[in-house]
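A quick write-up on the structure given underneath.
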Amino acid sequence: MEGPIPDKHKANLWLASAVAALAFHAFVQYIDILDLLVWHMLGIFAAVGAAIFYADVHLYHSAPAAAAKDLAITATSFALSLAISMLVYRAFFHRLRRFPGPFAARLTRFWSVYKSSKDLQYHLVLEELHKKHGDVVRVGPRELSITRASALPQIAQCRKNVFYQQAGWDRTRVGMAETRDLDDHRLRRKPWEKGLSMNEVAKYDADMQSTITLFLDALACDRGQRVNATDMVAMLAYDLMGVVAFGKDFGSLSAERENPAIKGLRGSMRALGVLFPVPWLINMMINLPGADTAGAMGVFRAYCTGLVEEKRETLKTQSKTGAADQPSPSPPRDVMSWLIRAFEAGGPTAAPSLRALHSDGQSLVIAGADTTYGTLTNALYHLAANPHIYTALQSAIDAAVPGGDAAFTHDAVKHVPLLDAVINETLRLKPPVPCGNPRLTPPEGLRIDDDLYVPGNVHVWMPQWVVQRDPRYFERPGEFLPERWIDAEGKAGMKGAFFPFWVGMYGCAGKQLAYWEMRSVLARLALRYNIRFASAQDGKDFEKSLLSTWTLSPPPLGMCFRERKDRKV
């Protein structure tokens with residue numbers, strides 16, 4: 001066949017591209033991992049485009065410029081048809097069409113991106129949406145935000161959605177926290193649970209208390225002057241996680257400045273706070289050439305990878321030197337040692353690849369420290385804002401530890417009701433992950449109550465910030481009232497709507513470690529220091545400046561710490 005493509009054939013080609021777009025939309029809309037295949041699809045589209053261009057030039061003998069024009073029109077026809085099909089379907093025919101919410105949100109997830117990018121306070125956006133629309137709000141094309149507490153048991157059994165597996169669809173290349181396969185998660189969680197069990201945490205305690213002492217001593221050096229408590233607590237939390245995860249701190253407190261890798265991580269979390277609704281875009285960015293080592297997050301990844309490899313070499317050396325005089329390897333002294341031991345032994349509980357093991361190292365630091373530092377900082381804010389509660393806490397800790405800070409043990413304070421009540425009330429008002437943990441409903445959907453059915457294959461969220469401030473579940477929900485957690489009857493009634501560490505199979509493996517750390521820090525602080533805001537403005541600005549960067553990120557908090565004169569140190 002010779003000559004350029006006849007106009008009739010061109011029209012058919014353009015019509016075919018439009019039909020292909022409609023068929024493509026119908027085919028892919030139920031593919032769960034589509035967000036992780038964007039680069040693959042672009043590659044396929046490029047190959048098809050190249051084939052069309054080749055056929056136009058070599059079979060129809062069109063001039064290259066004319067063939068390029070035909071291809072551009074064909075691609076435009078496909079793209080426009082696909083966009084129109086998606087928008088019309090999402091607006092009027094989608095299985096979530098009956099759920100209320102902003103009209104723009106049903107069309108695109110970039111509505112949530114836009115709302116979050118304005119001030120990084122998407123948790124407040126969700127709060128306002130639920131006040132306006134009720135328990136269930138459509139916040140994306142196939143995303144629902146749900147605040148009905150009765151939904152929690154079923155949603156907790158749903159598997160994670162694609163947000164967690166941003167690095168790619170291959171589960172052998174991601175860490176335990178990112179895998180979406182239920183059996184894989186259950187098995188790979190086992191060495192984590194061993195390393196984070198109460199028996200093991202007790203073995204880490206001496207090093208943790210030494211790190212806390214560095215923190216408390218650093219406060220003494222300021223002699224009651226203004227301290228940015230947020231930065232100080234961040235250095236403490238990450239140094240503590242270094243001790244627990246890798247057997248050594250990150251050196252921030254001893255150097256009196258934040259480790260550059262950790263500082264970069266905290267800065268990078270802001271981007272996650274904006275882009276979390278569009279995991280396909282995160283996936284594309286992560287898989288760009290050189291992305292693993294680029295920017296502040298690349299520095300953090302490299303730092304964690306170095307720590308994992310250093311720990312592997314240390315364990316190998318210990319194994320070689322101890323083989324002659326030890327019948328069995330010495331027990332692990334940090335969480336990473338448990339994960340490495342499982343990895344070297346192989347089997348279903350092990351990280352399936354070295355890359356996955358490196359990812360586990362990063363997850364340990366992020367999940368273990370970023371959430372704890374936020375909760376501790378928020379607890380300091382609430383205690384400074386409610387000095388009568390702090391005074392009562394000091395009295396309770398004084399009674400539990402009459403010998404002062406030098407005689408402190410975690411066992412002495414773990415049953416002080418007011419201490420846990422302060423922590424729980426902080427977690428209620430300021431949950432570590434304020435917007436919730438996204439889950440994917442099963443194909444058959446979920447029957448929550450008689451009046452609520454959630455269709456299958458949709459993404460659901462339960463925003464802790466909103467649920468845990470709901471007046472149906474908590475009296476005077478906006479107030480800091482630790483005493484609500486001391487009354488056994490009231491505590492039982494609130495349990496179903498309190499889930500800062502999530503629940504069920506995805507419940508935080510490090511929950512007991514977090515409580516151990518927070519009890520130790522707050523109790524020892526109460527033993528040694530009186531606290532107050534550095535200025536009235538510090539207290540006023542704090543609440544309105546909290547940021548949702550996936551985790552709840554506190555703003556700078558100016559405080560003064562004065563050593564107590566009536567207690568032993």
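Glycine is no exception: its Cβ is also placed from the backbone N, Cα and C atoms.
All TrEMBL annotations are machine predictions without curation.
Positions annotated as heme binding site by TrEMBL: Cys508. Applying an 8 A CB threshold to same-chain residues 6+ apart, the list for Cys508 (heme binding site) reads Ala367, Phe501, Trp502, Ala514.
If you look at the transmembrane segment (12-31), the same-chain residues 6 or more away from its ends with a CB under 8 A from one of its CBs are 5, 37, 52, 70, 73-75, 77-82, 85-86, 89, 457. According to TrEMBL, the transmembrane segment annotation covers 12-31 (among others).
Counting only same-chain residues 6+ beyond the ends of the transmembrane segment (37-59), those with a CB under 8 A from a CB of the stretch are 1, 4-5, 13, 31, 66-68, 70-71, 74-75, 169, 280, 283-284, 287. Under the heading transmembrane segment, TrEMBL lists 37-59 (among others).
According to TrEMBL, the feature transmembrane segment maps to 71-92 (among others).
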